[in-house]
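Chemist: I have a structure I would like to understand better, so I am pasting it below and will then ask my questions one at a time.
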Amino acid sequence: MSVKMTSYNLWPDGHVAGFPSTAKNGYSKDASNGSVSLSNISYADSESQLQQDTANDEDDRGQWGNKAEFVLSCIGLSVGLGNVWRFPYLAYEHGGAAFLIAYIILQLLIGKPMYFMELVMGQYSGSGPTKVWRMNPAAKGVGISMCIISVIVAIYYNIIMAYTLLFFFSSMQATLPWTQCAEEWVTAYNCVTTRSMSLSKCTDNITTNFMMGSCSCTGNSTIDNSSMPLNMTCSPEIKTRTAAELFFYKEVIQKSDGIEPDQMGAPLYKLALCLLLSWIVVVICLIKGIKSSGKVVYFTATFPYVILLILLVRGSLLDGALDGVKFFIIPDWDKLADIKVWTAAAGQMFFSLSVSFGGIIMFGSYNKFTNKVYYDSLLISVMDLITSVIAGFVVFTTFGGMARSVGKSVKDVAEGGYGLAFVVYPEALSNLPPSQLWSVLFFFMLFTLGLDSEFGLMETVLTCIQDEFPKTRKYKSYICVGLSIACFFLALPCTCPGGDYVVTIMDHYGADFSVLILSCIEVISVMWVYGVMRFLKDIEYMLGSRPHGWPYWVFCWTITSPLLIGLLFLYRMIEYSPPTYAGGAPYPQFAQAIGWALLSFALCPVPLVFFWRLFKSFQAQEVNTFTDVSTDQQKRIGHLQQVLFFTTVQHWFLKIDFH
């Protein structure tokens, strides 16, 4: 294959993207074979960089064993714990099918285009989230921030996995512990083993009250005493809490009343041991990088679907399952006009697809250069949506049966956040004989779901380290162990009674806000600074043709994605509300300050790297003497200007070519 060098884009360091300057991916360094020789590079600094890259690649970076490993790893990264508990409840809370419609629209306008973009970036460059920014060095801080965010999420994500392990082992007891009330729970919280049918409120109609047999007091003495002539008295309403709820909050996490230092407490040994076990499993699976994790995903990425389908069939057979399905899919169309629905859908989309976390770029970087990544991106994003919908049916068919058994509506048994996975669903499973079997399968499924996502987060960090310091590749096992040990100790505060509040802060500030900001900067840096048509030509060079419907991709990359993400971020800032306690009181000021500090730490590389590159560019002699220079010098100056953000934007407008 003959390649004319002037026909394709050179990255700012003189390196031709997609060709890592070695014989990797089946290409040699002979230009006649379609690769790059040093004589083709006209810049001295580029030659030096290319020679360095060649030497660095002597340490094998590694590749996927086959396409199935790549696809399953990407599915495992995108399909995680959030699909099982977060998506179903958000759909219920925000209008059922209306939320699903908003989610699909945002996937089409933001999610799928950015997923495709990140896979292309990784595969074309053969580099991770930090090294990929050789195409726009001023934006390298985006990659560093992705690495930091991945560490933050990996720390608290493994805490949730520790919860699943604790429930998994507890499920092996003769009697499920969340089906029994401890003696102190009965006296302190009016504990009940199962939800019971609640009494209807008394009315001012004596006949109606008599037909009900018994009713609960309203607080209005006239109504409450209206049935006394019939020897009926109202029953005072007693607030009860279920054994499943108390087991999670009082036994598993032993949640304190606040995040204040005097209420944090010491690490809980059971939870700490489960956390340690979870990290040990992660290390064992990642010890050889993608060579080991790529084999593990054959099980971890497929097993959850087996369990979900089994639970779906079992839940569909319950009396009242249809009520749960209706509750899940019947839309409240008025909700589509509520911006909160779109904001919630966007948050779920970023969290679920793992866009802007760096994992997608990292996984793509281990592909062969000619891999048909276009179809992979469509398949993976569709699988993420399908999994969320299946999980929704699984959850709400079970809730429908549970609601029918206690004589309540589905909305009275549904609960968001942890409550869905660790309170309501375990309670529902206890009613499915044999309850121990269903509980073991469910929590093992949750653990495997989380394990895949944890692989992606940790591998992202390891890849960034090895790309920036290639000599460390020979020590990847030691780095993996050392990083995991550090993360384990950093996560220990989350195992304290006040740890649940710490997890909330890390999620709210370290992963939610920061990713929304980062994704907007990322798509602008690629599509407006590097250039969307240049990016499209890179895809054409890599895959042999432009992607089907390429005007749609260009429109989404340049207009809808940055615009919608920017608008959603502005709305979040205008309508900002801090994390709150169960009673609605906001977290104390010092806790919010820690959250903002965490967000600033995660995002500070973006402006720091940009201004550093800006400062360095003004020190370059060529920038200050642009006039009266030769044509060759002007070419080199134009190449150097890609370092500057504002200069490259101008360059894109002037040089854009839609042919």
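One-based numbering along the chain as shown.
Any Cβ shown, glycine's included, is placed from N, Cα and C.
Curation does not apply to TrEMBL; its annotations are automatic.
According to TrEMBL, the Na(+) 1 binding site annotation covers Gly76, Val79, Asn83, Leu449, Asp452, Ser453. Per TrEMBL, the feature Na(+) 2 binding site maps to Ser352. As annotated by TrEMBL, disulfide bond applies to Cys181-Cys191. Residues or ranges marked as transmembrane segment in TrEMBL: 70-91, 97-121, 142-169, 268-287, 296-317, 341-366, 378-399, 437-455, 475-493, 513-531, 552-574, 594-615.
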Chemist: Mark yes when the transmembrane segment (594-615) and the transmembrane segment (97-121) have three or more Cβ pairs under 8 Å (sequence separation 6 or more) and no when they do not.
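Modeler: Between the transmembrane segment (594-615) and the transmembrane segment (97-121), which are separate recorded stretches, there is no contact, as judged by 3 or more close Cβ pairs.
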Chemist: Cα of Asp452 (Na(+) 1 binding site) to Cα of the residue listed as 'Na(+) 2 binding site': how many Å, rounded?
Modeler: 12
Chemist: To the nearest whole angstrom, state the Cα distance for the pair Leu449 (Na(+) 1 binding site) and Cys191 (disulfide bond).
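Modeler: It is 32 Å, counting Cα to Cα.
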Chemist: Do any residues of this chain, six or more beyond the ends of the transmembrane segment (268-287), have a C-beta under 8 angstroms from a C-beta of it, and if so which?
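Modeler: Here the qualifying positions are 158-159, 161-163, 165-166, 169, 252-254, 293, 296, 447, 451, 454-455, 458-459, 462, 477, 480-481, 484-485, 487-488, 491-492, 495-497.
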Chemist: Would you kindly give the Cα-Cα distance separating Cys181 (disulfide bond) and Gly76 (Na(+) 1 binding site), rounded to the nearest Å?
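Modeler: Given the Cα positions, Gly76 (Na(+) 1 binding site) is 37 Å from Cys181 (disulfide bond).
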Chemist: Below 8 Å Cβ to Cβ and six or more residues apart, same chain only. Which residues does that give for Cys191 (disulfide bond)?
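Modeler: Listed in sequence order, they are Cys181, Ala182, Trp185, Thr240, Arg241, Thr242, Ala243, Leu246.
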Chemist: Who are the chain neighbours of the transmembrane segment (475-493) in space, where the CB to CB distance is under 8 Å and they lie at least 6 residues beyond its ends?
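Modeler: Distant contacts of the transmembrane segment (475-493): 151, 154-156, 158-159, 264, 267, 272, 275-276, 279, 282-283, 286-289, 458, 461-462, 465-466, 499, 502.
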Chemist: Test of understanding: give the count of other CB atoms lying within 10 angstroms of the CB of Ser352 (Na(+) 2 binding site).
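Modeler: The answer is 25 other Cβ atoms.
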Chemist: Pairs of Cβ atoms less than 8 Å apart decide it: which stretch in 142-169, 341-366, 513-531, 594-615 has the most with the transmembrane segment (70-91)?
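Modeler: By Cβ pairs under 8 Å, 341-366 leads among 142-169, 341-366, 513-531, 594-615.
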Chemist: Counting only residues 6 or more past its boundaries, what in the same chain has a CB within less than 8 Å of a CB in the transmembrane segment (341-366)?
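Modeler: Sequence-remote neighbours of the transmembrane segment (341-366) are 61-64, 70, 73-74, 77-80, 82-83, 86-87, 90, 93-95, 98-99, 102-103, 106-107, 110-111, 114-115, 118-123, 125-129, 132, 143, 146-147, 149-150, 153, 290, 335, 373, 381, 384, 388, 453, 456-457, 459-460, 463-464, 511-512, 515-516, 518-519, 522, 564-565, 568, 571-572.
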Chemist: Give me the sequence-ordered set of same-chain residues, not including Gly76, Val79, Asn83, Leu449, Asp452, Ser453, with a C-beta within 8 angstroms of the centroid of the Na(+) 1 site's C-beta atoms.
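Modeler: Sorted by sequence, the hits are Ile75, Leu77, Ser78, Gly80, Leu81, Ala301, Pro304, Thr448, Gly450, Leu451.
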